[in-house]
Amino acid sequence: MNYSIEKVATLVGACRYGNVETNISFLLTDSRSLCFPEETLFFALKSERNDGYHYIPELYSRGVRNFVVEAIPENWDMLYPQSNFLEVSKTIEALQRLATCHRAEFHVPVIGITGSNGKTVVKEWLYQLLSPNKVVTRSPRSYNSQIGVPLSVWLLNEQTEVGVFEAGISERGEMKALREIIQPTIGVFTSLGEAHQENFASLEEKCMEKLCLFRDTNAIVYPLDEELVVRCIKTLNYKNTILGWSKKDSNATLFVKEIKKAELTTTITYVWQQGKEASYTIPFIDDASVENSITSAIICLHLGVEVKTLAERMPQLEPVAMRLEVKEGQHGCTLINDSYNSDFNSLDIALDFMNRRPDHKGRKRTLILSDIFQSGEDEKTLYQRVAFLAEKRGVEKFIGIGEGLIRQRKAFNKFGKKYFFATVGSFISSEAFRELRDEVILLKGARQFGFDQLTELLVNKVHETVLEVNLNAVVANLNWYRSLMKPETKLVCMIKADAYGAGSVEIAKTLQDHRVDYLAVAVADEGVTLRKNGITSNIMIMNPEMSSFKTLFDFDLEPEVYSFRILDALVKAAEKEGITGFPVHIKLDTGMHRLGFDPISDIDELINRLKHQNAIIPRSVFSHFVGSDSDGFDDFSAQQFALFDAGSKKLQAAFSHKILRHIDNSAGIEHFPSRQLDMCRLGLGLYGINPRTNERINTISTLKTTILQLRNVPSGDTVGYSRKGTIQHDSVIAAIPIGYADGLNRHLGNRHGYCLVGGQKAAYVGNICMDVAMIDVTGIDCKEGDSVEIFGEHLPVTVLSDILDTIPYEILTNISNRVKRIYFQD
Ligand SMILES: *Cc1c(COP(=O)(O)O)cnc(C)c1O
């Protein structure tokens, strides 16, 4: 579907500048995701930190001609000929209004889903349950915000028979805007969850806010057994159809009579509208899945799906993978695994993710895709669109799996390398499979094609111990610190020590994508690794070695200069290479007494030497706080700052170019906002630990392993080397494949520390070995192969560092290289 630019201008009430006739099909809010410039309308959104306005020149040069702005750029007709500018008072509201108008064009059932948990699962399951005979348009992944919802609703098209959209809120007043955009005919409340039970009052308020979604609906679905929800709904005085479900109340629209769990499945017996008893089985056993299936069942039955059909479709439900995972593969490949439902919109998001992650030259981008079902489009058009999109998003090699793709192979003629197979099995036994080498591979396949098997063969065999790194959490932490800084303050992200153990390359890719100003590593080799992996950001080297100067020049790595010795050697090396104006960062010692020039006694000589050469120039000057994490050192910090302020001002005064001044680290950003100067350096906070409180921000890494073996050990026996672990009562002991060689500190042994099995504490028994440790799982319901959390989401790394009388930095950076890092993004 598309709209003429004139129509858009009218709908959003904009003042139009420019008179080029165009049609708009795509709405863009993030310049990095541009794909189809000619048909794109860019909304220059404004946030506290960022202003979309700044990206107009770049987008124009990439072919975008249509912009929604809050102020027309000066000389727009000279700078941006052949373009249209729509001037509105608020760009976000214009985006929402356009989506609202678009939504109003459709007279099909539209389901709006709110609740604390399960929104995305219910949305995806509704799609799975309804789509065999209805064309369902839904939010891609979890696009449920003030920006995500309008972009989702924009996807409604002539084929749509049912719309399913998620509405997520984080503040009061937000739901009203989302309701106006979604205009749901059926409102769904999944569940309120048990979180924040202690904040009862605010929980109620949150519930009421969510219920705003229901105002103009014809029917609502919610759990009758959740008292608070029921109480809040009563106050709405809702007059239309109420579709409640309950395990207790046989008068409920859907009465759940029995929930029977088997080893891998659950059978739910229910009574619909007090009629005949029926049942269905789902391939899950956890409570959340059971509840989500019931919510989905009600909506299906309400929309006229037969009881019998429901019983046939429920066992086919697929788990909803929320994550896009990045893993190291065999033969120099990197795998991006997205087993989220295969459809056009989620394919677009995954391709965008791949395309935005830089890679060193030569590695091909490959897409392995299965047939896409139930798109509502005819096969030919669908795969033409897929081919076009893949090409636009930088895919060079295409591997299609499924009969549909084989039929439509012509659509992929443009790809230099393309292969088609009926099944994953035939691909695996082919030459094309054996030829995969030095490629970045996106795997995107419907589950019934068995892509799991494919991924398993392609990834490096990992030791069962892995460090999972959540890239969304990295971004959330970054944004949290940015919100504490002035918009114009620049930011250095410290990714030394392999990004505090999280893995510098992938972290750098994410940070570069979020436009941080500088990345900083310890030594030149770390910088080279980044460059070889396609990182083009500015990179600072904190501890340059004398032997590495040539490397610095070759790879554009900007060294810290902390002494006259290194200054002179660097100048000499640069002069020898004929280099001028190479940027360096001057460190002043204001009290750490580690490295740095003395801000009083060295500064004149420093200026003098810098002035008498032109090989290098100071790009920034900085110092480091000794104790910004503790109020107890506030006086000392003030003294450090005064020294730095004076010394750095003197340096600046001697040069006409701007020299960036910086001193705040993570703790400083929070504690000394007035000392941000031109730039801050963010370290530990980025990795999810607040250095001031040792509290968690967003956990980014989880160290996980699995139970190798379980055994009963009778009282009186011992466990492990040197007979240290005496067993006092008959116990169940589990062996786990992680030892001190992986970075599991030996001092956690002999019951000093613990890990989590099924959410319960399991103490380390006896001495921790090199590759294996033993834990006490007596009384914990577990089996071999079960997952064990060493630290992470449920067991903060600071618990371990407290037990070990050290700091979280040490625990994080000690995780050995042989522990594979797995990166994911929701
Ligand atoms: C490591 C480091 C930082 C970051 O410190 P955090 O406490 O992790 O925020 C900042 N500046 C310098 C010079 C560093 O070496």
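Each Cβ is built from the backbone N, Cα and C atoms, and glycine gets one as well.
Feature annotations, courtesy of TrEMBL:
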MOD_RES   Lys496  N6-(pyridoxal phosphate)lysine
ACT_SITE  Lys496  active site, proton acceptor
BINDING   Arg594, Met770  substrate binding site
DOMAIN    700-824  domain 'Alanine racemase C-terminal'
ACT_SITE  Tyr721  active site, proton acceptor
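Features per TrEMBL, on structure.
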{"residue": "Lys496", "record": "N6-(pyridoxal phosphate)lysine", "DSSP (3 states)": "helix"}
{"residue": "Arg594", "record": "substrate binding site", "DSSP (3 states)": "coil"}
{"residue": "Tyr721", "record": "active site, proton acceptor", "DSSP (3 states)": "helix"}
{"residue": "Met770", "record": "substrate binding site", "DSSP (3 states)": "coil"}
Cα distance (Å, whole number) from the residue listed as 'N6-(pyridoxal phosphate)lysine' to Arg594 (substrate binding site): 17
Least Cβ-crowded entry, counting other Cβ within 10 Å, from the recorded positions listed as Lys496, Arg594: Arg594
Distance from Tyr721 (active site, proton acceptor) back to Met770 (substrate binding site), taken between C-alpha atoms, in Å: 11
Overall pLDDT for the domain 'Alanine racemase C-terminal' (700-824), taken as the rounded mean: 94
Pairwise CA distance, the residue listed as 'N6-(pyridoxal phosphate)lysine' versus Tyr721 (active site, proton acceptor), rounded so that it is a whole Å: 36
Per-state residue totals over the domain 'Alanine racemase C-terminal' (700-824) - DSSP helix, strand, coil: 22 helix, 44 strand, 59 coil
Cβ-Cβ neighbours of Met770 (substrate binding site) (radius 10 Å): 12
Tyr721 (active site, proton acceptor), number of other Cβ atoms within 10 Å: 13
